[in-house]
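K.L.:
Annotation source Swiss-Prot lists signal peptide at 1-24. Taken from Swiss-Prot, the feature pyrrolidone carboxylic acid covers GLN25. Annotated N-linked glycosylation site per Swiss-Prot: ASN65, ASN102, ASN165, ASN266, in sequence order, evidence recorded as sequence analysis. The region 'RCL' feature in Swiss-Prot is assigned to 368-387.
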Amino acid sequence: MPSSISWGLLLLAALSCLGPGSLAQDAQETEASKQDQEHPASHKIAPHLAEFALSFYRVLARQSNTTNIFFSPVSIATALAMLSLGTKGDTHTQILEGLDFNLTEMAEADIHQGFQHLLQTLNRPNTQLQLTSGNGLFIDRNLKLLDKFLEDVKSLYHSEAFSTNFTNTEEARQQINSYVEKGTKGKIVELLKELDRDTVLALVNYIFFKGKWKQPFNEEQTREKDFHVDEATTVRVPMMNRLGMFHLHHCSTLASWVLQMDYLGNATAIFLLPDKGKMRHLEDTVTTEILTKFLKNRETTKSQLYFPKVSISGTYDLKDVLSSLGITKVFSSEADLSGVTEEAPLTVSKALHKAVLDIDEEGTEAAGGTVLGNIRSILRYEVIFDRPFLVVIYEHHTKSPLFVGKVVNPTQQ
């Protein structure tokens, strides 16, 4: 039996609408949010996901300060936690500690129950927010997995299992890519360009997000303007603009403008625009505590906002990044995945992650302009997002960071 495991990770964020948010939360508390308060399993893992997100981001930022960054910490962590169910020894410890979990402070059962609740919440039907996540387990038809591993990934991570003919690599590649394309509504195609010949198992995670802003920009107001990629490079981008009430303030600690935009439903995007020359300071200074404080304490001001339309993507081979976070053994010949199968020693030969982010003017109602047109308060700020900035998208019910990124060039795919 071939002795390697090929692991593919996938994410999609399709953010099709952008607009100013509202300070007030939805007036009526839904049954879903009540259940989340009563069963806060995902809340226990949320701080660790946030720390993992920033650690992962900083590794990517150190690798290059001239390219866009976009990934889903939830997607990556879910796949790693699911894989950990079949690992033992140092391989097992490295994965969970790499995800910022302290096994002396949190029971492993609580970790997996947290992910179980997270996935249940993300996949709950919502008429206002399209948010779905899926885990696929593609198993060579000749490979016998241990019953406990198969039962756990299905019950805790809602994973689908597919019998796959990995001896025909092209057929297997197409099967996996079709699963991903369907799950991401056609936004990500051909995730796997090739498949190793000794692959016997593939773990695939995807997430699809499409949100509408509570109050959209007016498309007729969008104009071509300069975006300063760096001191020497300027590109022309469609720049949206709007006069209205925004959750916007300047944070002296981060030397950055902080803008929060609410989606219809239960998600918020935080955009961090550093002062000129302060991107490295922002990246080194921002913490999960600061971001949480922003979400809890929001001020509303009348402002003129200019924001670029964005269409970017990120594709990553995760080996190098995860190795920098201490997750190394699972990729080596010393990997212990004996909890997956007893038939042969396995190692992870491939770890892929892809994310796509689209932002434009669209919203649910054009009436937002009328409401904002009646605001008579004094204009306080004029802020132009015409240079690189960070973005973090949170899901409120689980208190988890769905996506993290840096927009260096809004037009660069």
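Here the Cβ of each residue, glycine as well, is placed from N, Cα and C on the backbone.
How buried are these features, and what lies next to them?
P.N.:
In this structure, ASN65 (N-linked glycosylation site) belongs to neither helix nor strand by DSSP; it is coil. With a 10 A radius on its CB, ASN65 (N-linked glycosylation site) counts 15 other CB atoms from all the protein chains.
Residues near ASN102 (N-linked glycosylation site) in space but far in sequence (CB under 8 A, at least 6 apart, same chain): none are found.
According to its DSSP assignment, ASN165 (N-linked glycosylation site) is coil.
Packing around ASN266 (N-linked glycosylation site) is summarised by its Cβ count: 24 other Cβ atoms lie within 10 angstroms of its Cβ, all protein chains included. DSSP gives ASN266 (N-linked glycosylation site) a coil state; it is part of no helix or strand.
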K.L.:
Just to confirm: which same-chain residues, 6+ apart in sequence, have a Cβ under 8 Å from the Cβ of ASN165 (N-linked glycosylation site)?
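P.N.:
Listed in sequence order, they are ASP140, ARG141, GLU171, ALA172.
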K.L.:
Work out how many Å separate ASN266 (N-linked glycosylation site) and ASN65 (N-linked glycosylation site) at their Cα atoms, rounded off.
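P.N.:
Distance between the two Cα atoms comes out at 32 Å.
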K.L.:
Using DSSP, would you call ASN102 (N-linked glycosylation site) helix, strand or coil?
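P.N.:
SS state of ASN102 (N-linked glycosylation site) = coil.
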